[in-house]
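Some notes on the structure that comes next.
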Amino acid sequence: MGSGLFKPRVHPDLRDVFSKMSFFDKIGFLFIHAFDKRNLWHKVPVPIGLLYLNTRRTLLEKYNLLAVGRSSHGALFDPKEFLYRTEDGKYNDPHNAEAGSQNTFFGRNMEPVDQQDELMSPDPFVVATKLLARREYKDTGKQFNILAAAWIQFMVHDWMDHMEDTGQIGITAPKEVANECPLKSFKFHPTKELPTNSDGIKIGHYNIRTAWWDGSAVYGNNEERAEKLRTYVDGKLVIGDDGLLLHKENGVALSGDIRNSWAGVSILQALFVKEHNAVCDAIKEEHPNLSDEELYRYAKLVTSAVIAKVHTIDWTVELLKTKTMRAAMRANWYGLLGKKIKDTFGHIGGPILGGLVGLKKPNNHGVPYSLTEEFTSVYRMHSLIPSTLKLRDPTGQPDANNSPPCLEDIDIGEMIGLKGEEQLSKIGFEKQALSMGYQACGALELWNYPSFFRNLIPQNLDGTNRSDRIDLAALEVYRDRERSVPRYNEFRRRLFLIPIKSWEDLTSDKDAIETIRAIYGDDVEKLDLLVGLMAEKKIKGFAISETAFNIFILMASRRLEADRFFTSNFNEETYTKKGMQWVKTTEGLRDVINRHYPEITAKWMKSSSAFSVWDADY
């Protein structure tokens, strides 16, 4: 297809990439581009919206999956010898034993943009103070609660953490904002840069967590950690009599990933320890002769699949609350034929009709599986956390609004790290979960970043506290620059999205425009990614920006279809019949909570999803 013929129809900034596409890719691009120019795809009937999303995903899979580092194609193995998830993530991809394992490179969704000369431009302290720091708290209404905020942090503890360098660097707040900063300066470890020893991208960063959706926030990322969490009886994990995580003498929780956590993540880790142990009991009842190791492996597979399913068809559906996205996310799991057909007849057809889960073989689209730098960047969602938690009484009588009575307000800053574990032990699971369920989380917008994160005690890998506090808001701005993630406008171009020409294209908020202009001038190319994601006009029903959503489109599907335990090995032979039935009958977090705390759901959860505020009538 001649590029010249269609040149007037393509945005000038996207003509170069368009000209290099194949004939059929150009057709697909023109289709989505027509909707993008009119901001239409989310306003059209569901079938057309699904066609748009599938076309966009297909293009992103072709142009926005970049390998970093050499692929270990020589490390072949027999998948039948590894019908279980290894602790460090190895031996999942039959053609690349190392793919997705601990201490392998983050991939890329776009070529890196070196910003070593612009690490402090504009100053991260200024950006954090003038554009991110919370002023008047904004929440998400009934759509999304604090459990939903904790859930995505629970997932991040499963997916990704960058290896740090041993040395430290420091940054100091300029005089213009120093008096408004909780910390006037702070020290931190830079991200460790490693040579990739390959063509293409020369420098990369290691992910010290396993990139697979393998429940490593519960199980750990290596054998050393996993061994400390097991009872070695009937496949079970250690858990306190109170249903909370156990702790070492120094107060550090015993769980898969405990670094830089808070009480909200801890209760989800504890809940899924109970889920794992319940799966062990159920499978043992059907197979009484299984060993401890066999029960553990089966239960880990089942529990990891439950977590992935909850995220796919429950959490994401509430995050992106539109009819089209509900259909799209359910299609990822069940296919367009739907749950009844799939549960009755199994996987039929390809990924569209039958879904990504249960495909005959995994598909990594020719690029070794990993999570990416850009994926990390769009998951910077600390503004979801409110400043205070209204503690509610699960044993009390409903108040005038038919809600559990409030006991007190707790500063969520006191629920972070080791202090948070102490608080949680006094509060208990039921009270904590109920309180988080009944309270809306923060909105992902400008001026909504919690103040306690700007004076935060970071932790070492073993969960112990470091001596130097950090300003997390300023550090997050710095991290994207340090890791060569393109700034907002270029980020959009690389995703085939129409870039902004002025601040008015970004937002209609006059105060935001004035403040952004004061910091970045009129140069829209300087806008930091995090600021753009928070400032961007949102699609109705979306709790996140459309720009971030495009990374979701690509990577949410990839986490399922590249993993053989969600594709070729998603079967009774690998999971057991009871295990498969367990996954099939779990449709959301509500089901998991109901399994272990039925009195909470029966008395207090009126919403259909545990991620909506629990008194919501939907």
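Including glycine, each Cβ sits where the backbone N, Cα and C put it.
Sequence-distant contacts (6 or more apart, same chain, Cβ under 8 Å) of His157 (active site, proton acceptor) comprise Arg209, Ser216, Ala217, Gly256, Asp257, Arg259, Ser261, Val265. Annotation source Swiss-Prot lists active site, proton acceptor at His157, citing sequence analysis.
A coil conformation is recorded for Asp214 (Ca(2+) binding site) in the three-state DSSP classification, outside any helix or strand. Swiss-Prot lists Asp158, Thr210, Trp212, Asp214, Ser216 with the feature Ca(2+) binding site, giving experimental evidence as the kind of evidence.
Within 10 Å of the C-beta of Arg479 (heme b binding site) we count 21 further C-beta atoms, all protein chains included. Here Swiss-Prot flags His162, His382, Arg479, Arg483 as heme b binding site, drawing on experimental evidence.
Annotation source Swiss-Prot lists site 'Transition state stabilizer' at Arg259, citing sequence analysis. In the three-state DSSP assignment, the secondary structure recorded for Arg259 (site 'Transition state stabilizer') is coil.
Residues annotated as hexadecanoate binding site in Swiss-Prot, with experimental evidence given as evidence: His311, Glu599. Packing around Glu599 (hexadecanoate binding site) is summarised by its Cβ count: 11 other Cβ atoms lie within 10 angstroms of its Cβ, all protein chains included.
Packing around Arg259 (site 'Transition state stabilizer') is summarised by its Cβ count: 17 other Cβ atoms lie within 10 angstroms of its Cβ, all protein chains included.
Just so you know, of the binding-site residues Thr210, Ser216, the Cβ with the fewest other Cβ atoms around it within 10 Å is the one at Ser216. Of all the binding-site residues listed here (His311, His382, Glu599), His311 has the Cα closest to the Cα of Asp158 (Ca(2+) binding site). Following the DSSP three-state reduction, the secondary structure of His162 (heme b binding site) is strand. Other Cβ atoms within 10 Å of the Cβ of Asp214 (Ca(2+) binding site) number 30 in total over all chains. Listed in chain order, the extra residues whose Cβ falls within 8 Å of the Cβ center of the Ca(2+) site residues Asp158, Thr210, Trp212, Asp214, Ser216 are Arg85, Gly89, Gly100, Trp159, Arg209, Ala211, Trp213, Gly215, Ala217, Tyr219, Asn221, Ser304.
Distances between the Cα of Arg479 (heme b binding site) and those of the binding-site residues Thr210, Trp212, Asp214, His311, Glu599 are shortest for Thr210.
The Cβ of Asp158 (Ca(2+) binding site) has 25 other Cβ atoms within 10 Å, all protein chains considered.
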